[in-house]
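Asks: Got a structure here, written out as structure tokens. Questions coming.
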Amino acid sequence: MTLITRVLNSNLPLRLSALKTVRQLQCGYSSHAKYAEHKPIERIRNIGISAHIDSGKTTLTERILFYTGRIAEMHEVRGKDNVGATMDSMELERQRGITIQSAATYTLWKDTNINIIDTPGHVDFTVEVERALRVLDGAVLVLCAVGGVQSQTLTVNRQMKRYNVPCLAFINKLDRLGSNPYRVLSQMRSKLNHNAAFIQLPIGVESNCKGIVDLVQERAIYFEGEHGMDLRLDEIPQDMRVESQERRQELIEHLSNADETLGELFLEEKPFTEADIKAALRRTCIKRTFTPVLVGTALKNKGVQPLLDAIIDYLPNPGEVENLAYIEQEGKEKQQVVLNPARDGKDPFMGLAFKLEAGRFGQLTYLRCYQGVLRKGDNIFNARTNKKVRIARLVRLHSNQMEDVNEVYAGDIFALFGVDCASGDTFTTNPKNHMAMESIFVPEPVVSMAIKPNNTKDRDNFSKAIARFTKEDPTFHFYFDNDVKETLVSGMGELHLEIYAQRMEREYGCPVTLGKPKVAFRETLVGPCEFDYLHKKQSGGSGQYARIIGLMEPLPPNQNTLLEFVDETVGTNVPKQFVPGVEKGFREMSERGMLSGHKLSGVRFRLQDGGHHIVDSSELAFMLAAHGAIKEVFQNGSWQILEPIMLVEVTAPEEFQGAVMGHLSKRHGIITGTEGTEGWFTVYAEVPLNDMFGYASELRSSTQGKGEFTMEYSRYSPCLPEVQEQVVRQYQESQGLGQPEKKKKKN
């Protein structure tokens, strides 16, 4: 058979002379003028690149920026030149070789504007992924060909499901020893419950990785020339034709199950065209009923250009995704409104602030425009505070570079300066429509540490750093504990808090000392407890009078991190204007329990009846009555302590399996699954966070430094009786008290 071979030269070699000029520029970035041109909505993609840590997200983004001409030179995450990847702009990111903050950029591929957000892979920075996915229309889920589906992959998958984000899967690192993309596909189906199939196959793995087979167009693609810029199309290798036919048939079967149009052709045994398959891939990907799986190795410059084609071909444009706002007016039911994604500016501007950052010119607020158009000089209103803001400057972002634009349209991601707001706020040009968008899910912190500046003279800088970081990151909390006279910071893990401590020293010249990590326990009721409390105080003049009757009860286990207040009063025994005072009192008292001093959670407060005085009743009196009622429930109710449970994943050589599982069991871990492949094993377990401190050094010593683990927050669960006794005892000792005479959970 005569082989028909042709070379596809991308536009990159044609730019070589231009790139030389670009390299001479101080910033090293190509001109952004052509990238900032406004495109029709069909020519826009907003995507995120998400994965488990060390799966190659940032390296992949670096290749995308290079192949699309956005940057002139590629740099590695841990390169010898110490420059670091473009999207890792923070010095700490370059030094550690990890992504800490999500970074935004935009580029062009085949006349389509692609807005990209590269997100962190470490579980401690999961809120960065959360708020990125909230504003994106599609995502690339990167999986390691060796590690497969790992703990943070599961988290990212849940986040994509929460915001209904369609995704492509890219199995990266085909060049690594032990890579097995077929095993990864199997894990996607079993662990992530994805209806997934290959649309590409690797031509060789590990050191034999030569190129890929495109199953849709039935051809082989080889990446040649400097940096793999030249694509050579060829016939599928002889030894892969049978496998390619089988995998293509498997792809069609999976697609037919998810797509009605293709399913009819399949049942009628009619021939499929390439256009039929591509159209079905796009429909099912947008509906999240099918996940196309692509393969490659970003580090070795293979598979990136076909991935860019797939982003354009299969992921939705902003007009194909339904985005909702809500009309909220007092005394009326909340109404749902579908926003208009057309880029014509006919409807009022609607945008969502999804990230805050302190820049050189003040606070930088990242927004996504969902409706209308916003121009320099316009006035916008914060839907939460109703404050007016005049737009003096509009920028689009390329990592840490800001590029000025005059206007943004629906579907664009941009930033503003000097806007006082919180993450998740809605902005609009028409405040009279009372519309707001759904905010961003923020997980509760699970670890606390004492923190103090090393030098007293640094207190001002310390305060500035804390104020900035708590505003930027909703999972980073700060408070002063009056009982132990300590300043505490809380976050998603030890690394999370260590990074902020290092940033305080680097960015504010304020070295700090962190104490030992403390677990964020919670207190909850075991069963319902009634209350009937009268607050009455008379000391001359108008007094205080408030009576409240009701019930406090536990919420279901899947809601045990929440607090719920329910007003069930009928009539005027408790006037409606005083009910907010009762709720305020309940929430204030929930900040510190009496068993261990930790917050209450998983509790519902039901206000059922009460009494008031025509003169002496006030909101303050009812707030104090709530304080008294909860103290009553503290004394009469049965309470228990909840602790955070972590999903732990350990990988090590199989000869250490017994030792690893033994150590997890000693730490009160419950083994939920094991896997083994080519001399290595992976064990999955649920372990209390309180028992995980110091595990890293134990794992290193027991596996000769070859084992590694990851963990992520799963849920809160009742702690063991001996742990509860220990926590209560430590709290009582810190308060200078004996054991409390309080009912605890009966075991």
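Using the three backbone atoms N, Cα and C, a Cβ is placed for every residue, glycine included.
Here the structure is a predicted model, which means the values were calculated and not measured.
According to Swiss-Prot, the protein has these features:
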- 1-32: transit peptide (TRANSIT)
- 42-319: domain 'tr-type G' (DOMAIN)
- 51-58, 118-122, 172-175: GTP binding site (BINDING)
Asks: Please classify the secondary structure at THR119 (GTP binding site) using three-state DSSP.
Replies: coil
Asks: Reduced to three states, what secondary structure does DSSP give LYS57 (GTP binding site)?
Replies: helix
Asks: Kindly assign ALA51 (GTP binding site) to one of the three DSSP-derived states: helix, strand or coil.
Replies: strand
Asks: Give the number of CB atoms, excluding that of LYS57 (GTP binding site) itself, located within 10 Å of its CB.
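Replies: Around LYS57 (GTP binding site), other Cβ atoms within 10 Å: 28.
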